[in-house]
Amino acid sequence: QLTTNFYSTSCPNLLSTVKSGVKSAVSSQPRMGASILRLFFHDCFVNGCDGSILLDDTSSFTGEQNAGPNRNSARGFTVINDIKSAVEKACPGVVSCADILAIAARDSVVQLGGPNWNVKVGRRDAKTASQAAANSNIPAPSMSLSQLISSFSAVGLSTRDMVALSGAHTIGQSRCVNFRARVYNETNINAAFATLRQRSCPRAAGSGDANLAPLDINSATSFDNSYFKNLMAQRGLLHSDQVLFNGGSTDSIVRGYSNSPSSFNSDFAAAMIKMGDISPLTGSSGEIRKVCGKTN
């Protein structure tokens, strides 16, 4: 039901408006590209790509922003809200927040040197959000390979899609609380890498939990295939990263992406399109929010 030209007459300047908003945000803070990409991922895995993650909590409404996977780590809301304001000025009441997020995720990847793809649009915005669904549906950094495969399979994404999409960890940062167990307790880790990461992540739980480390030690603000090379050298930061190359069924996919940037880029773009197709609201379902943080 989604098409690439859904707004071509109703909002002809949409793509350029989103692109310029992303460009200024990511040039002033390169990490923001990863943050926006992650927002889209966390949106799509909870009742589909419906903009539900963008709804702010109120006294009478509990949404997804304070679910475990998002609290203190989801960011980029202001960037999306600012882009939405600019789009509203140009085409009031036409473009959904869900679509703006989908386009911004693509623009973030491109801005950091990654592949381009045509974003399908026509999604509408959810009128509700579910903290419980966010807690249960978003893949966790502690997951095993089989759990990751199941989690992606539940939303129609293949094992290959899962490995390609994990390659998004070529950009962005992770908090110590999410890699502490790996750098202190696991053995399938490069020793020098473990020591380096321990420096900014104290062993004691609760100590330095929010300290950040780059998911890709080589090029944290370049969208490239070095994430996969790191996995082959046992320098995956999260448990859920290293399980992709640990003697299991996905080793060959990691090896392939490590050898061929072009095959990673094309598979990543295809998987992003598939992820963007998860359970959209279309037709008369949902609404077009006036502001992304609250329902109309």
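Note that the numbers count up from 1, one per residue, in the order the chain is shown.
Note that Cβ sites are derived from N, Cα and C of the backbone, with glycine treated the same way.
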Partner cysteine of C91 (disulphide bond, per Swiss-Prot) from C11, C44, C176: C11
Recorded Ca(2+) 2 site member, picked from T159, T170, T187, that accompanies D216, S219, D224 in Swiss-Prot: T170
Disulfide-bonded cysteine for C176 as listed in Swiss-Prot, from C97, C201: C201
Of the recorded positions listed as Q1, R38, H42, D43, S52, the one whose CA lies nearest the CA of T170 (Ca(2+) 2 binding site): R38
Which of Q1, S52, T170, S219, all recorded positions, has a Cβ with the fewest other Cβ atoms inside 10 Å: Q1
Least buried by Cβ count (within 10 Å) of the binding-site residues D43, D50, D216, D224: D224
H169 (heme b binding site) and D224 (Ca(2+) 2 binding site), Cα-Cα, nearest whole angstrom: 10
CB contacts for H169 (heme b binding site) [other CB atoms within 10 A, all chains]: 25
